[in-house]
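Worksheet for the structure shown next.
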Amino acid sequence: MSDYKFTLNLPETEFPMRGNLANREPEMLERWTKDGLYQQIRDSRIGRTPFILHDGPPYANGSIHIGHSVNKILKDIIVKSKTMSGFDAPYVPGWDCHGLPIELKVEQKVGKPGQKITAAEFREECRKYAAEQVNGQREDFIRLGVLGDWQNPYLTMDFSTEANIVRSLSKVIESGHLHKGVKPVHWCTDCGSALAEAEVEYEDKTSPAIDVAFVAADSKAVAAKFGVSDYSHPVSMVIWTTTPWTLPANRALSLSPELDYSLVEFEKDGVTQALILAEVLVESCLTRYNVESHTVLGTTKGAALELVCFNHPFLDFDVPAILGDHVTTDAGTGIVHTAPGHGQDDFVVGQKYGLEVANPVGDNGVYKPDTKYFAGQHVFKANDNVVALLREKGALLNHVAYRHSYPHCWRHKTPIIFRATPQWFISMDNHGLRTQALKEIEQTQWIPDWGQSRIEKMVENRPDWCISRQRTWGVPITLFVNRETEELHPDSVSLMERVANRIEQQGIQAWWDLDAAELLGDEADQYRKVTDTLDVWYDSGSTFSSVVAARPEFHGHGVDLYLEGSDQHRGWFMSSLMISTAMNGKAPYKQVLTHGFTVDGKGRKMSKSIGNVIAPQTVTNKLGADILRLWVAATDYSGEMTVSDEILNRSADAYRRIRNTARFLLANLNGFDPAKDLVAVEDMVALDRWVVRRAAALQQEIIEAYDQYNFHIVTQKLMQFCSVELGSFYLDIIKDRQYTAKQEGHARRSCQSALFHIAEAMVRWIAPVLSFTADEVWQLLPGERDAYVFTQEWYQGLKSVTLATDLSDDYWQQLLAVRNEVNKVIEQARRDKRIGGSLEAEVTLFADATLTEQLTHIGDELRFVLLTSEAKVLPLADATTEAVETELASLKLVVASSTAEKCERCWHHREEVGTIEAHPTLCTRCVTNIEGDGEVRQFA
């Protein structure tokens, strides 16, 4: 036989080298949908322990962005890995469908409700718009390879969910946590509605900063508090504020009880007067007022000035000095202008003193008609007029432009105000909600752990939750209030259940269509229907009850995990915690995981104006979803997640390494039937047994990393295994045995068995991350199997067997280190053109006694490990002058070009080539593999 190529076991597979993911993935998605893959997974886990990841609903408005992709991919990785661990892990995606952004979009199309269109018609348009947005986002999420119940997602606008939201509110009421009050809330004058804490963003703004004097009603009496008797000049208390427009609502001056205050006298423009200022701020204040010299007449504690009265600077009444813990000396005068209708601290301290909660400002930010001086003016435009009036009254001591951080509406990006309005609140303290919530935070696992202290601080400091909104498209607060007493109907809880039953059939419009007499009968005239809607954060925050507790696939099991971006500590995590604790006395989750925001390669937020936005649709169309998924998994999500074209291209390079490894495995399993060809691990060649043992240990590490949500560690370990243990060592060594050994011989079948075990394990390792590629690999693996890898559990065939005669893992690591040193010297010889390929080389290893014993243990098989035609081991002391030192102190090397003939079939240079009459171009080993029983390998 002259052409020996046909006697080789050449690799062959249908698995292409190039993934062509952008084109192949959509085809696979079609098959997944056609085969009902998600339901197959569900069926495979019937009766197993549930693991419930509850999807925080994205808002049904606009296209998905890279942050959405990160979130959904992380969730998908967890659900798939938990399924692989044997859990029943359903994934029901959801959408947040009510609220202002949708209203604004619909207004642009059909106008405001009550103008060209009725409120009922407007709600129907909102429902249609939200449904369209859901459909668009759903397709994009599916394209990412995220498996879930996409045909039956939960929508907060589902009639059943709307009804359950109402039911959850009834439980909050039943527990005594709801109250109505006039309180200052974040108010957007553009929205015409209250805002939740989560709807407020802080941006820099320039405001007028003014110092204002409030003259004492009885200056002599006030001076006496400082130990000054018979004082004849005017005494004033000075406040500093950046919101002059709130001065019409001023009802007090707040001081710190333990702070020292000074009475400071000076003369300016021929007038002698005395000011009360915090002692530590006297110098900075008087510098602002251009006072060159002064006298401190006396000092006293703030507590001594309690209830002393001062004239309002332009209104005809006096205001008291009161004491509050919120007063600091960080800026200003140490005395705080207090308007209970326009500030949370002001409101709280005002309640202690029974102050009027004055609110002269309407919904649109314009002063009401009965506001003296400023009626009909918008508050921000009125600032200059307030300053002018103060100057006219002689009360203005200083006025400058001041740049500071100020709350803005997250939708309109415009400054908001604090404004007292009648609203519905969930009380933080009336029935111990704050205390219980803090206890529940301690019982929850926060990932990363800094999430715990973050949400604790928020709960400790948050005000009562204003849950009412004055909007059209939202779940109604289905309450009846007594027209005279403003009290809730005594049967509110049972009435809400009857309303919920109607909403379940007809949607939220059922509330607005309801005639009160249908439920209240003769009492109807005594009560009015509440027209407010719920804060959308209540909608999403109650889904642990309105969705999870209601859908059968969750089996009534509590939620194990919430996973969202780090902004949700004050958003969904907070609202869910508040509602669940109010309803059930416990948190709705056992674990809360947060991921960072996506930034570009320079650490900047994604912005259309900067032009650094990376759209997930662009990535999937160009590189494929698996590349995006690999980037997400490989990135440490605990901080900001950096993404750019360059970074994604690096992910594509890493992907190619994994794909090439998978291709090598599949190609070399050609013709292998595990049912009859599988060699038991204990009967394998030692190197094969080692790699199976190594894979078994790695699998435990990978499963542990998945369980701890450390996906970047999963990818690191996977890449290390593919690149080092496999790529640079095992796969390189076994090529010779795989290609040249007898096809049915033990040496080759042992190797194929190891490759089979690795492939079976690896396809499962990558399935949660590289879902499309895993499916592609799964379809080409030999042996009978289920239709999809996603219904499987972690591979159980990786037996970690160590025989008494086996070489230790440390031995193989040492051999790997030796091989690396040999490769370096061979590479230099190639560069020097002393040899071509490594099989042209004969290597002499000069080693110390310990290393010599290790190297000679595997005898002639050492050459197969080193990929050389000959390998001799001699004592280190015998090293010749030409021997090259290595990074191993125990090893020196000499590489020479072999003088033996090259075997035509295996390319090894062997002395016997040319001596075998029947096969003059072959070595003895190849003849044995062609005509005999096949070579015997013990070690490698």
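Cβ from N, Cα, C; glycine included.
Residues 95-97, 99, 101-102, 105, 130-131, 133-134, 136-137, 140-141, 155, 565, 597-598, 606, 613-617, 643 of the same chain sit 6 or more residues outside the motif ''HIGH' region' (58-68) yet have a Cβ under 8 Å from a Cβ within it. Under the heading motif ''HIGH' region', Swiss-Prot lists 58-68.
Marked as L-isoleucyl-5'-AMP binding site by Swiss-Prot: GLU564. Within 10 Å of the Cβ of GLU564 (L-isoleucyl-5'-AMP binding site) there are 20 other Cβ atoms, across all protein chains.
Residues or ranges marked as motif ''KMSKS' region' in Swiss-Prot: 605-609. Sorting each residue of the motif ''KMSKS' region' (605-609) by its DSSP state yields 0 helix, 1 strand, 4 coil.
Taken from Swiss-Prot, the feature ATP binding site covers LYS608, and the record attributes it to sequence analysis. Proximity of LYS608 (ATP binding site) to non-local residues of its own chain (separation of 6 or more, Cβ distance below 8 Å) is seen for none.
Around CYS923 (Zn(2+) binding site), the same-chain residues at least 6 positions away in sequence with a Cβ under 8 Å from its Cβ are CYS903, ARG905, CYS906, HIS908, ARG910, GLU912, VAL913. According to DSSP, CYS923 (Zn(2+) binding site) sits in a coil region rather than a helix or strand. Taken from Swiss-Prot, the feature Zn(2+) binding site covers CYS903, CYS906, CYS923, CYS926.
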Summarise the motif ''HIGH' region' (58-68) as counts of helix, strand and coil residues per DSSP.
3 helix, 1 strand, 7 coil
Reported as an integer number of Å, what is the Cα distance between GLU564 (L-isoleucyl-5'-AMP binding site) and CYS926 (Zn(2+) binding site)?
60
Secondary-structure category, per DSSP, in which CYS906 (Zn(2+) binding site) falls:
coil
Output field, Zn(2+) shell: CB within 8 Å of site CB centroid, site CYS903, CYS906, CYS923, CYS926 dropped:
THR740, GLU904, ARG905, TRP907, HIS908, ARG910, VAL913, LEU922, THR924, ARG925, VAL927
Let's check the environment of CYS906 (Zn(2+) binding site): how many other CB atoms sit within 10 Å of its CB?
21
Is GLU564 (L-isoleucyl-5'-AMP binding site) helix, strand or coil when read with DSSP?
strand
Just to confirm: which same-chain residues, 6+ apart in sequence, have a Cβ under 8 Å from the Cβ of CYS926 (Zn(2+) binding site)?
TYR4, THR740, CYS903, ARG905, CYS906, HIS919
Tally every other Cβ atom lying within 10 Å of the Cβ atom of CYS903 (Zn(2+) binding site).
25
